[in-house]
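Copied over from Swiss-Prot, here are the features:
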type    : residues                                             : note
BINDING : Arg61, Thr62, Arg111, His139, Gln142, Gly268, Pro269 : carbamoyl phosphate binding site
BINDING : Lys89, Arg172, Arg227                                : L-aspartate binding site
Amino acid sequence: MPERPSVPRHLLGIEGLSAEQLVPFLDLAESYALLSRSRSAPRDALRGRTVINLFYEDSTRTRTSFELAGKRLGADVINMSVATSSVNKGETLLDTAATLNAMRCDLLVVRHAQSGAPALLSRKVEASVVNAGDGTHEHPTQALLDALTIRRHFGRLEGLTVAICGDVGHSRVARSNIHLLTAFGNRVRLAGPPTLLPGAMAGLGNVELYSDMDRALEGADVVMSLRLQKERMGAGLVPSAREYFHFFGLDRRRLALAKPGALVMHPGPMNRGVEIASDVADSDQSVISEQVEMGVAVRMAVLDRLSRARMPA
């Protein structure tokens, strides 16, 4: 009888995790999604546990989603405001780690502009660490919620063609999704301007690069649109928003190139009229609102499973 995958202590990224290690997160999240819809989520799974949300970058969806997830499981949730904390007064990340460690929190959710910051914290604190997005590196819970959304519609997470379009080069969401989707044996197409499409990504598995958006969408089961991350861009990578939409915007004509009923996804926030047309974002094929809903369920599952790793045997 095969051994069951062990419960991880941290969730720092998707890279290196097998499909067998990822499925338990998705299965538990599925059950939490059903319970949340019936308003009967277990309120005591994290009772007596403390979750600290430490966000060095602005966030609405992810921080709120983690806060709801912790509270629905009965945890004490603390949102640390970096703008008014000692961090803003010059405290280093390692000093912050020492302070948080002294507070004896159980789970630490971290978003940081620097790639690798959550991994560094995980080596310095006793708490379980969840990466809520680090630089351009990874955003593992976003990939999990995207995977759950896809699985709910197709009944499987294998053998699909997924087109990820837009600012791939600066996207931690794209990287985590590439690792997850290829782990399950899917075909991934990356589409965008050559300036935003690093060639190294072709070496991440069953991945194809396209500078022609139309070709990338032909026969796709899922189309995932990404926003232009201007805060991480240098000058001149994209001539103008109008020109970008002309060549790489997801509109009705382009969506028709994908398979009938193909899912339309976006991690948010959306720039309507830049990477996606409003009538596509609001269409029956769009599952963008469902992604947000699944985000809470996935984060409940992540906090729950990581907390079990801290329980004595």
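Every residue gets a Cβ built from N, Cα and C, even glycine.
Candidates Arg61, Thr62, Arg111, Gly268, Pro269 (binding-site residues) were compared with Arg172 (L-aspartate binding site); none lies inside 10 Å Cα-Cα. Neighbour counts of Cβ atoms within 10 Å were compared across the binding-site residues Arg61, Arg111, His139, Arg172, Arg227; the minimum falls on Arg61. The Cβ of Thr62 (carbamoyl phosphate binding site) has 22 other Cβ atoms within 10 Å, all protein chains considered. A helical conformation is recorded for Gln142 (carbamoyl phosphate binding site) in the three-state DSSP classification. Comparing the binding-site residues Gly268, Pro269 on other C-beta atoms within 10 angstroms of each C-beta gives the minimum for Pro269. On a Cα basis, Arg227 (L-aspartate binding site) lies 8 Å away from Gly268 (carbamoyl phosphate binding site). In the three-state DSSP scheme, Arg111 (carbamoyl phosphate binding site) is classed as strand.
The carbamoyl phosphate site is set by Arg61, Thr62, Arg111, His139, Gln142, Gly268, Pro269; from the centre of their CB atoms, other residues of the chain with a CB within 8 Å are Ser59, Ser65, Ala132, Gly133, Val173, Pro267, Gly295. Its Cβ placed at the centre, Gln142 (carbamoyl phosphate binding site) has 27 other Cβ atoms within 10 Å. In this entry, Arg61, Thr62, Arg111, His139, Gln142, Gly268, Pro269 make up the residues listed for carbamoyl phosphate, with the farthest two CA atoms of the set 16 Å from each other. Recorded residues Arg111 (carbamoyl phosphate binding site) and Arg227 (L-aspartate binding site) have their alpha carbons 18 Å apart, per Cα-Cα distance.
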